[in-house]
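Report on the structure given below.
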Amino acid sequence: MRGAKLGKTWQLHGMMLPGVALVLVFMYLPLPGIVLAFKDFIPSRGIFGSEWVGLETFEYMMYLPDSLQVFWNTLKIAFLKIVFNFPVPILVAVLLNEVRKAAFKRTVQTMIYLPHFLSWVILSGIFIDLFSQTGIVNQALGWFGAKPIFFMGDPGHFIRMLVATDVWKNFGYSTIIYLAAITGIDESLYESAVIDGANRFKQVLHITLPSLGPIILLVLTLSLGGILDAGFDQVFNMYNPLVWSTADIIDTYVYRLAIVDANYSLGTAIGLLKSVVGFILIVTSYLLARKYSDYTIF
Amino acid sequence: MPTTTRSAGGIAFQIANHAFLAIAAALCLFPVLHIVAVSFSGAGPAAANAVVLWPVEFTVSSYASLFSRAPFLDAFGVSAVRVAIGVALNTALTLLMGYPLSKTRREFPGRNLYMWLLVFVMLFNAGLVPNYLLIKSLGLIDSMWALVLPSAVPIFNVILVMNFMKMLPREIEEAAFMDGASYWVCWRTLILPLSKPVIATIVLFSFVMHWNAWYDGLIYMNDNGKYPLQTYLYTVIQDRDVATIEQANDSATVNGVTLKAAQIFLAMIPILFLYPFLQKYFTKGIVLGAVKG
């Protein structure tokens, strides 16, 4: 049977062909453009006509006061997001699992998944109004005698806004993976715990949470790969010049350098640095995940 | 489900738990309800931030005004076309590629080479500038193709489909191969009909991706008239769309705030309709595709 099939694998290659062709053109063809980071790009001369400058662009980047700040901002925002994004879905998944009425559980799930599917363009439009100085949130704070808080324009508050709204957007969707893991826990564990006299709380503490251990570790490990991704979509839509000092991240900085200021070489250099470091981080976290939790993607 | 102990503490916990989850769910729904309320409110209350969850001075004039002006409708049209082409392309390519990749290396020599080719670009990106220059040199600026071709192969979805198809029992194909069926025939008549859950998942994912995309529109479209909806909304929300604001000022019941709200709500509607129906599929799809290997 195998002999008969060998001659037919061309069909499998044929199925790959259209997709692979598009990947080669739109994802591999831009790669040589990376040389821009090592050239003094003059648009009229084209990528290959422009002069080589070696590492000059990178040196220049080091001397820019913004670069270090932007790199630091990126790490800080991404780290805070990882720290706050990780416990909430676990808590909600455990609590959802305690709900007995299937209809209530399903309704809550549908509602908490929603924000994940809405774009930051839309959400920023809502949040910027809700949290403005005369917005509803500040009006509500006013009832308790609090002074209006400049959520969107104060650098410190703005970072908290970024983290809080990011947690809000994603916690529901992230429960999916934990709920599935909880469903997979062996029923007999709970039954024997009940015989031993464990109440609900003790069952959660001694069976549910430890059973989630591996998946929690996996999610945490993999999230380290994204430590340079502070969330371009969100920051770009929500920020304003008032908070650039703390909210400007690598991706928004590259946008302003490349598209607004047309400084292609510097934009490429910073983007390249991010890609290389990001690649190393992702591969490392993936290898760790594979080693310690048998996780594979292909 | 574990058995319950009907103690007083247990009941108190159940009540608190239900309340907590209900509040969490309400928080997720709040922005949507708020924006609906603002969009149906009069210009005055909306501008004064007096609307919370219920319209004040109810009116549909912001919608009437929206449907009589071109920019919003044009952008909606661009997005509709983009989603139609983009989702069809993404789904077809993803299903085509997932099948060969679900084969073992012995059955499909070259499988791992293709896999590395895909995974590498999933992890390493040339960055904004080289991508932009490529689109420009291909002459795709201001073309719909700049919005659908670069994202034509969503690699994460290909992996989802691959893992799903890997889990289908081998036996169903073997009988067909005995009868002389080709891979192509197997894919069409056996594999695709069994793959409905994962098809629903990837259709939803690529729909959401194309509907929500705004950045590529911003950098690849020079002509504002070709902006997809989210890119256009971006300009409205950041108050860069002068036309909307000026036109809005000459009316007593409509202003920038209510117009913005109406546009945001209309942009949400396709998502609000689609995802609850596909929910049961994508929960399964994500878990099978992402956790199992």
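Numbering starts at 1 and runs along the chain as displayed.
Every residue gets a Cβ built from N, Cα and C, even glycine.
Predicted automatically and left uncurated, TrEMBL annotations should be read as such.
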Range annotated as transmembrane segment - as stated in TrEMBL, picked from B:23-49, B:185-211: B:185-211
Considering the transmembrane segment (B:145-164), which listed stretch of B:72-101, B:113-133, B:185-211, B:261-278 counts the most C-beta pairs under 8 Å: B:72-101
Closest-packing stretch to the transmembrane segment (B:185-211), where packing means Cβ pairs under 8 Å, from B:72-101, B:113-133, B:261-278: B:72-101
Within-chain partners of the transmembrane segment (B:113-133) [C-beta distance under 8 Å, separation at least 6 from its ends]: 97, 100-101, 150, 153, 155-156, 158, 219-220
Tertiary contacts of the transmembrane segment (B:261-278) (same chain, 6+ residues out, Cβ under 8 Å): 32, 35-36, 38-39, 46, 62-63, 66, 72, 76, 83, 200-201, 203-204, 207-208, 211-212, 229-230, 233, 236-237
For the transmembrane segment (B:72-101), distant same-chain residues with Cβ under 8 A (at least six beyond the ends): 66, 108, 111, 114-115, 118, 144, 147-148, 151-154, 157-158, 160-162, 164-165, 183, 187, 191-192, 195, 199, 202-203, 206-207, 209-211, 213, 225-233, 263, 266, 270
